[in-house]
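Copied over from TrEMBL:
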- 1-20: signal peptide (SIGNAL)
- 26-136: domain 'Gnk2-homologous' (DOMAIN)
- 149-263: domain 'Gnk2-homologous' (DOMAIN)
Amino acid sequence: MDSARLLLLIAVASLGGAAAADDHLVFSNYTCSAPGNYTSNSPYARNLARLLAPLSRPAAVDNWLFHQITVYGTTTPDDQASGLAMCFADSAPDRCRTCLATVSSAHALFPACDHSRNVSFISSDGCVIRYAAGGVTPFFVSSAADDASGARLVLRSRTQAADAAAMRDARRVLLSRLAESAAGDDDRRFAAGNQGYMDAAGRGTWQVIYGMAQCTRDLPPAECSGCLLDHLSVMYRDASVTNSTEASVMGLTCYLTYQMNKPIHIAGVALPPAAQPSETPTGSAPPPPVVKTTVLIAALAAAAVTLFSVGV
């Protein structure tokens with residue numbers, strides 16, 4: 001990332017103050033190019049204003065909450081404005097729409113990015129908005145660099161798995177498979193499924209991990225799988241996440257999440273049944289156990305369900 005680019009991490013009670021009553025915390029992250037590199041009455045400023053209006057209105061986003069647009073005007077390519085807006089599949093629709101609607105002005109949410117040509121924003125409410133000068137190519141070029149540099153959110157539960165080694169192995173198997181499946185879904189870049197394992201610690205119970213992988217729909221397959229696998233590596237590098245029973249890594253171009261024994265509900269999508277043990281484990285044989293794994297790639301009728309609460 002360019003040294004001039006700003007990276008800020010902020011935690012606020014709500015976006016627009018709408019969620020303070022239920023103690024719903026919203027975490028957000030954004031990057032931008034150097035501020036002050038266009039003027040208020042410039043062709044780019046006019047094109048950006050025309051761009052943000054459709055991006056920030058929920059009605060302008062299609063039925064699975066993804067929209068990409070370029071405003072050309074009668075200007076040079078450098079003054080064109082391109083943008084992308086998306087809600088992740090498991091986001092709460094009302095909260096994500098509120099998030100999108102908040103970014104109706106180039107200066108409403110990004111005071112530190114005043115008059116920056118390139119801005120990218122992500123919220124734990126499942127909302128992603130990006131805009132930049134020029135065509136859509138800048139999103140492809142900057143996606144991996146932005147996510148890898150830390151322009152993402154890492155959310156996790158404080159609860160630790162009893163059999164941490166078995167959980168980590170099952171999580172790796174599931175999320176690696178979902179990353180490959182999501183990248184191969186040409187229309188939606190989405191996959192969800194579950195993976196079971198026997199918890200040898202504690203009471204030796206059968207546990208099921210539910211996971212979801214998603215990329216922005218414009219991302220090519222190789223970049224999609226690479227982004228998701230990088231997010232998976234974060235779950236193993238970040239000590240606060242390594243043994244957590246649920247966690248999410250949200251980036252500007254991809255999203256990877258899992259949770260223990262709680263199905264990830266997505267409106268309009270029938271998820272497969274939970275994996276069941278294929279045999280009774282004996283002794284303390286090393287993981288991974290032989291389990292059933294089911295992966296689903298499904299059309300998204302709409303983004304749904306509330307983002308799970310995480311400990312911070």
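Backbone N, Cα and C define each Cβ position, glycine as well.
Broken down with DSSP, the domain 'Gnk2-homologous' (26-136) shows 33 helix, 32 strand, 46 coil. DSSP labels the residues of the domain 'Gnk2-homologous' (149-263) in these numbers: 38 helix, 39 strand, 38 coil. The predicted model assigns the domain 'Gnk2-homologous' (149-263) a mean pLDDT of 91.
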